[in-house]
């Protein structure tokens, strides 16, 4: 199982003006089975099943790419593509369990608090990727997968875009490196022009912005 916190989908859109009220904190991208083999594609998303979670969903799992009238589209996509597969686990076998557990894991990981405690915060100066990795590994005891957008033409720094945490089927944190070779659910829908998020380069300076410029 992968749980990904993404700073803002807006980094990945051609036009940042397409974003609606992007938060200045890390939010949830999704909770994904590493190998999705048994999915019930006929199990359609129903927002009334998560009505008790809506306040938390809007805060921790916002959809910044759709207007306020249609902001369930992101959740529907995550349920249809990943939730219906994750539901083979009893702890995730309903829409309320799936979304509720993802929020619970997000709060447990507390990426926002961890980075602040490590002195890593949005800045106009650059970080060393190895320093970010070491701080996260020291704090969590496992190695997450940190993904970046490559430098734009004429630039030297990559931009941190997503931090992915990995869990066992018992939902215990595990090194993401232990799961390499599994599927990568990102590549199909996180793109910026012709660039895609990919594992960050340890040797490139890294930009950690607070919001879309």
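Placement of Cβ uses the backbone N, Cα and C atoms for every residue, glycine included.
Automatic, uncurated: that is what TrEMBL annotation is.
For 29, 78, 82, the entry in TrEMBL reads active site.
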Q: Between the Cα atoms of residue 82 (active site) and residue 29 (active site), find the distance and write it as a whole number of Å.
A: 11
Q | Distance, residue 78 (active site) to residue 29 (active site) (CA atoms, angstrom) | A | 8
Q.
Return the residues near residue 78 (active site) by Cβ distance under 8 Å, restricted to its own chain and a separation of at least 6 in sequence.
A. 30, 31
Q: Note down the number of other Cβ atoms within 10 Å of the Cβ of residue 29 (active site), including every protein chain shown.
A: 24
Q. What is the Cβ neighbour count of residue 82 (active site) at a 10 Å cut-off, with all protein chains included?
A. 22
